[in-house]
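Undergrad: Sharing the feature lines straight out of TrEMBL:
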type	residues	note
REPEAT	104-138	repeat 'PPR'
REPEAT	204-238	repeat 'PPR'
REPEAT	308-343	repeat 'PPR'
REPEAT	380-410	repeat 'PPR'
REPEAT	411-445	repeat 'PPR'
DOMAIN	626-721	domain 'DYW'
Amino acid sequence: MNNTPLTFKSFRYILLKCVAERDLFTGKSLHALYVKSLIASSTYLSNHFVNLYSKCGRLSYARAAFDSTEEPNVFSYNVIVKAYAKDSKIHIARQLFDEIPQPDTISYNTLISGYADARETVPAMILFKKMRELGFEVDGFTLSGLIAACCDRVDLIKQLHCFSVSGGFDSYSSVNNAFVTYYSKNGFLKEAVSVFYVMDELRDEVSWNSMIVVYGQHKEGAKALALYKEMILKGFKIDMYTLSSVLNALTSLNHLIGGRQFHGMLIKAGFHQNSHVGSGLIDLYSKCGGRYGMSDSEKVFREILFPDLVIWNTMISGYSLNEELSEEAVKSFRQMQRVGHRPDDCSFVCVISASSSLSSSSQGKQIHGLAIKSHIPSNRISVNNALISLYCKNGNLKDARRAFDRMPELNVVSYNCMIKGYAQHGRVTEALLLYQQMLDSGIAPNKITFVAVLSACVHSGKVAEGQRYFNTMKETFKIEPEAEHYSCMIDLLGRAGKLEEAERFIDAMPFKPGSVAWAALLNACRKHKNMALAERAANELMVMQPLAATPYVMLANMYADAGKWEDVAAVRKSMREKRIRKKPGCSWIEVKKKEHVFVAEDWSHPMIREVYEYLEEMMKKMKKAGYVMDKKWAMVKEDEAGEGEEEKRLGHHSEKLAVAFGLMSTREGEEIVVKKNLRICGDCHNAIKFMSAVAGREIIVRDTLRFHCFKDGKCSCSDYW
């Protein structure tokens, strides 16, 4: 700034420009001049300093500017109320609102909008009622805020819809746009479409963008693209929100080629460096790009000039979708913090999701601690739900239930996560009791709830109960069963030995069975030694997943069990010819915050000799306790196996090595948690039961399907797996 004295007019002009451009540095310089009384004191100017600091995210400065205002007016209060609401401190915003000598409609609208952001429906509705009783004028902003505050209360949204029509508020585009958005968010696509088309001439760019997003959210990508073309023909302005909505539609269609073509158009139009559009591109490539999708996402990210929090969240989310890139998700989260972004609820949900795929339980606890310190009030329920899922996946049901019980508010996702956790750990009674508790609390189950409940029945062999829950879906809750529900039923019947019934069930499905259904049937066939049906299931899987090793391996194992070694050789030859390789068994364990990886018959671990020595001594104690090695799991023909070959193969399975390392590296009484990339084999399952008894330790093994909790020589699955 030069030394020319500032007039009130020029001072005001520069200040307003600072507010518009969020120029905190210049604004603070102006404020210093103002405080030194180089410019005449003015409530008008003080209000704009409050506004500036609020928009720049400096709430403490905004409050100081407000407190120093000599004669605050209603505008002063409205600005500071908005600042606190924006910073998720709705209780302080309410206190300040109650201090306003003469609030106006804007005061009420501001607080209602704050309640909407905080997802506090009841206080918003009470405030609206009070507003009407006092005779304040209701406008489009009032109703838009109220609709947003209703969240998932569709009954209230419908009441407000009737109120808006009868009161003539349906002439506001903003109100109709809010109805389109919130009907859609709650799954009411028909109602959202109806509002959009009834609007007719009232439709603005926001209306079209909202509807394109709605179609994308409901997997109606083709309709979204058709709407985009119609929007162009009608001459509406295309902006970054429109383009990101189209990218969302292409993502819902899994249309990578179309997405790449659209990306080319965005580059020509100069939108590719826009953070809003960039977020859509990153999402497209991460979800539709397959194995190499994230490399394309990284290229998009590097082109964006000023990546904002949304962009970082999208990158973290993209990494978290691929288990192999979970570590990258955590690194990206840390980098985001280093460059100065404060994580929000979405950041935590994404990084917690990634952490649940890592073998490190300490990593998840660190993120949990950071979330607590961050005081995330906005949509905190989603963060807690992610934490429940994290602890369940890490074999820590106690902390999962503790997080569940401490939640101030529960929704269907909260119950789904906890029910699924109990089911995976074989705690069937708790899972079904929690399901009943959910119904008693008035929360309606959804499709995912029934997958969790049916899984609980699968893991315990409760066939009759499973069939009852399956029938309840459609009869009581009007939920059409999907592929995953049918797969659960096939698994339930198959494990219980009802293979013919399972086959009839799969043949009677209203749509073509998927790979999960045939894999469940194949697994049941192996358990109950039904070779003919196993061959059918394996052949179906080979057609659906020509490069997957699972059907070949399972079929070869069944032939080996039956002593059909020529058939085993034929399957293995077919695998070699098609270049299909069996995934090697791999197990992970975390000890003292360090991850240790063991692969079957691998000598790369620095302490592997000590592990084998410990395991050898443990085996001696186990055999004295009655353990007999089940040599059929070695999958070696007896007359071809060298002396001790079968015992050597079985003794070197990765889960045995990981458990042995855990026992020798931890304190007495400390729980052992091991994770494996394949299903645990029968001999290892039996061996670890003996290891838990001999060592007097609780051992938890998570394989690809469930948790096995070994204690005192028994497993939580009761050998039903």
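Every residue, even glycine, has its Cβ placed from backbone N, Cα and C.
Each of the listed features needs to be described in terms of its position in the shown structure.
TA: Beyond its flanks by at least six residues, the repeat 'PPR' (104-138) meets 74, 77-78, 81-82, 84-86, 88, 90, 93-94, 97, 145-146, 148-151, 153, 156, 167, 169, 377-379, 381 of its own chain at Cβ-Cβ distances under 8 Å.
Remark: secondary structure over the repeat 'PPR' (204-238) totals 26 helix, 0 strand, 9 coil, with classes taken from DSSP.
Below 8 angstroms of C-beta separation, residues 275-276, 278-279, 282-283, 285-287, 293-294, 297-298, 301, 350-351, 353-355, 357-358, 363, 370, 374, 376 of the same chain, each at least six residues beyond the ends of the repeat 'PPR' (308-343), sit close to that stretch.
Within the chain carrying the repeat 'PPR' (380-410), a Cβ under 8 angstroms from the stretch's Cβ atoms is held by residues 119, 345-346, 348-349, 352-353, 355-357, 361, 364, 368, 371, 417-418, 420-422, 424-425, 427, 441, 443, 673, 700, 702, 707, 709, all 6 or more beyond its ends.
Secondary structure of the repeat 'PPR' (411-445) per DSSP, as helix, strand and coil residue counts: 26 helix, 0 strand, 9 coil.
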Undergrad: With Cβ-Cβ distances below 8 Å as the criterion, list the same-chain residues six or more beyond the ends of the repeat 'PPR' (204-238) that contact it, or say none.
TA: 173-174, 176-177, 180-181, 184-185, 189, 192-193, 196, 245-246, 248-253, 255
Undergrad: Using DSSP, tally how many residues of the repeat 'PPR' (380-410) sit in helix, strand and coil.
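TA: Split into helix, strand and coil, the repeat 'PPR' (380-410) gives 24 helix, 0 strand, 7 coil.
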Undergrad: So what's the mean pLDDT when you look at the repeat 'PPR' (104-138)?
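TA: Residues in the repeat 'PPR' (104-138) carry a mean pLDDT of 92 in this prediction.
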Undergrad: Taking helix as H, G and I and strand as E and B in DSSP, count the residues of the repeat 'PPR' (308-343) in helix, strand and coil.
TA: 28 helix, 0 strand, 8 coil
